[in-house]
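What follows is a set of notes on a single structure, which appears directly below.
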Amino acid sequence: MSGFNGTSTSSNSILSERQKDELHKSILDYFKTNNLHESFATLMREANQEGFVPDPRAKYAGLLEKKWTSVIRLQKKIMEMESRISQLQEELSAAPSAKRSASLNDWLPAASSARHTMQGHRLPVTKVSFHPVFSQIASASEDTTVKLWDWETGDFERTLKGHTKAVQDVDFDSKGNYVLSCSSDLSIKVWDANNDYKNIKTLQGHDHSVSSVRFLPGDDYIVSASRDKTIKIWEFSTGFCTKTLQGHAEWVRSAIPSDDAKWLVSCSTDQTARVWDVSSGETKVELRGHEHVVEVAIFAPVASYAAIRQLASLDPNASKDASASMAGQFVATGSRDKTIRIWDSISGQCLKTLTGHDNWVRGLAFSPNGKSLLSVSDDKTMRLWDLQSGRCTRTIEAHQHFATGIAWGKAKIEAPIPPAQDGEEAGRKQPEARTVNVVATSSVDLTIKIWTP
């Protein structure tokens, strides 16, 4: 039994002293629970745990069985993923490379691409967010919890409990080390993925329900929007509020940063959206035109600019305004007036109004290739819009109740270097990685749906 003794293990042990102590206690708990009295006594003596008394409420209680079960689950998941990878490799090998690349880049959800319906929340699911690296997704719910799932397998992973009222939004940082959540309980919580998803920070300062929360690119700051009519910017490392943005006359439904972190776009019950300068905290432009509450506002990705310029009959070679960053030129908004609007965030002009939904528009997401806009609505559908023409190209009956949110996967997939052709030089550049093809939608029907090719 000497191998159990923390003092006799090699000096380069991968376990810290705290981890060794926890391991010893969990093994002792297992021995005691299973009446292995001799082994219990030997380990207690050799591991210097003479005062150990089993406690069913302690962290180590039942830990050995939990870890063992987790290992089995992980092994099963690895086998499933290896099988899936093998299947995909066979499919890829059978497809011509040019056609394969085009089809992957142009994929869009269809009714037939609903892969998983994940159930577990007890009240409506409000928002979903993808992990930036792994096949994990977080869901926020009115049942006061955040749940984590594996979207590849559809398996539930864990529940994050701590909020006392409805959780309104959820987000990952750029590396997937932290999860953010915000709630009607007036708080924002930070959960540490590397520390068993412990709630390591709770940010308080809003005077009413917190409806939106996001990491700013770079992960040094957090932005939140609230029913108290304000937007707040928080320093992540300290949890201090560094700036409060005021201007909306009513509930601020969301505040989303541009990819370069220079701008925010917010939307409100006051029927407007606003673009803000993050550094100064000033409103850059107010977007007026909707006839009801604006539920969602997002920046268009640079990849969509050419299509939007064509949609609005703008000069494709027109130089952008010097005050506009490359990442904040166009905005899409969705409203309870059942319409989606595309805006020029420099002039504040509405470039196009997309009509087709039969109820409130609740969520928007651009396709990575910039050719399409996806929307979800209280009419229970997901709609796909061609950005060059403004036409609805597909309507999918997505849920059995109001659809509340939509997200496109964040993870990147490295593209293979194409084989050399005659006369080509060796060592050609690695093609740009593409965003994984997966979409998630959330609903009042208590489910999260995963859509994949």
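Glycine residues also receive a Cβ, built from the backbone N, Cα and C atoms like all the rest.
Quantities reported herein were computed from a predicted structural model and do not represent experimental measurements.
When the ranges 69-96, 97-124, 237-264, 349-376 are checked against Swiss-Prot, the one recorded as coiled coil is 69-96. When the repeat 'WD 1' (120-161) is classified with DSSP, helix, strand and coil residues number 0 helix, 25 strand, 17 coil. Sequence-distant contacts of the repeat 'WD 2' (162-201) (same chain, at least 6 residues past either end, Cβ-Cβ under 8 Å): 123, 126-134, 136, 138-146, 148, 207-215, 217-219, 222, 224, 234, 236, 239, 254, 410. Within the model, the repeat 'WD 7' (413-452) carries an average pLDDT of 76.
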